[in-house]
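S.K.: These came from TrEMBL, pasted as-is:
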DOMAIN    53-135  domain 'GHMP kinase N-terminal'
BINDING   Pro82, Val83, Ser84, Arg85, Gly86, Leu87, Gly88, Ser89, Ser90, Ser91, Ser92  ATP binding site
DOMAIN    198-258  domain 'GHMP kinase C-terminal'
Amino acid sequence: MLKIKVEATSANVCVGFDVLGIALNLYNEFTFKKSSEFKFVGFEEEFSSCETNLVYEAYKYVFDLAKEVIVPVEIGFIGDIPVSRGLGSSSSLIVAGIFAANYYLKNKYSKRELFDIATAIEGHPDNVAPAIYGGLVASYQKDGKYYPNIYPIHKDLKFSVVIPNVKVSTHDARGVLPKELPYKDIVWNLSRIVNLPKAFMEGNIELLKDLFSDKLHEPYRSKLIPAYSDIKSIINKYNAAFAISGSGSTMLIVSKDLSFMDELKQIDYPVLTLEVGSGVKVEELYEGWWILRNS
């Protein structure tokens, strides 16, 4: 029996549209057990078939790539990552599926190759990269492949997420983006993204607050998120950085303290304070013990 834990991810990190992401220690947990046929336990009914389950699709993708006969499994699911909230729930399904397949293929693929497979399925790296590697990950593209770079994050930084009870699909969030942007807006973002890893490594919250100012996607996506302006106004009073997490509706707050929390809780949305995640964990049940096999 196999257990895989995949963390939530906050993509974009404000100014790093489609290239930056951070892993956070909120998990989806998956189990895989050999079976005579595919079974799905713990999923909503609409995602409990081979035709609709993204874990299965990713799992099958790897077997097809390896040109091997697929191993039927019972897939169990315990989900703590909210769906369609900008916290990488769909990426967690992809990562779990490909790492499980690789286990049953006797680790045919390296972690780097699994990252390539995940980005091929997902289409962009900003969620799957931190889900696999943990921490803050910046990815760039060359010759059709993405290359991840992992940056450390200062231990004093705290990460809070505000989670409205509103789903925002990636399709809708991309649909509101303009087809063209002025150079000055692109330069604005470039000037900030190049300084972002340094600010995270140093734990420089004053710099982070300055750098968390996007002109490529947040001005458009914010209209899809209830109370965005109210929450941003609250956080701007404090020494904290604020951004939309992924495509929303979750909002990310980076700080060194939680002095804003009392005022923030007046807005009736769940707020979680999380730690930086360390990447996917794969464990095998062996003689009653869970043994870490690949991460």
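Note that the numbers count up from 1, one per residue, in the order the chain is shown.
Each residue, glycine too, has its Cβ placed from N, Cα and C.
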S.K.: For Ser92 (ATP binding site), what is the secondary structure state per DSSP, taken as helix, strand or coil?
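M.R.: Helix, per DSSP.
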S.K.: CB neighbours of Ser84 (ATP binding site) within 10 A?
M.R.: 19
S.K.: Which residue, of the binding-site residues Pro82, Gly86, Gly88, has its CB surrounded by the fewest other CB atoms within 10 A?
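M.R.: Output over binding-site residues Pro82, Gly86, Gly88: least Cβ neighbours within 10 Å is Pro82.
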S.K.: What does DSSP give as the helix, strand and coil breakdown of the domain 'GHMP kinase C-terminal' (198-258)?
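M.R.: DSSP classes over the domain 'GHMP kinase C-terminal' (198-258) add up to 27 helix, 10 strand, 24 coil.
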S.K.: Quiz question: given the binding-site residues Ser90, Ser92, which has the greatest number of C-beta atoms lying within 10 angstroms of its own C-beta?
M.R.: Ser92
S.K.: Compute the centroid of the Cβ atoms of Pro82, Val83, Ser84, Arg85, Gly86, Leu87, Gly88, Ser89, Ser90, Ser91, Ser92, then list the same-chain residues not in that set whose Cβ lies within 8 Å of it, in sequence order, for the ATP site.
M.R.: Ala8, Ile81, Gly246
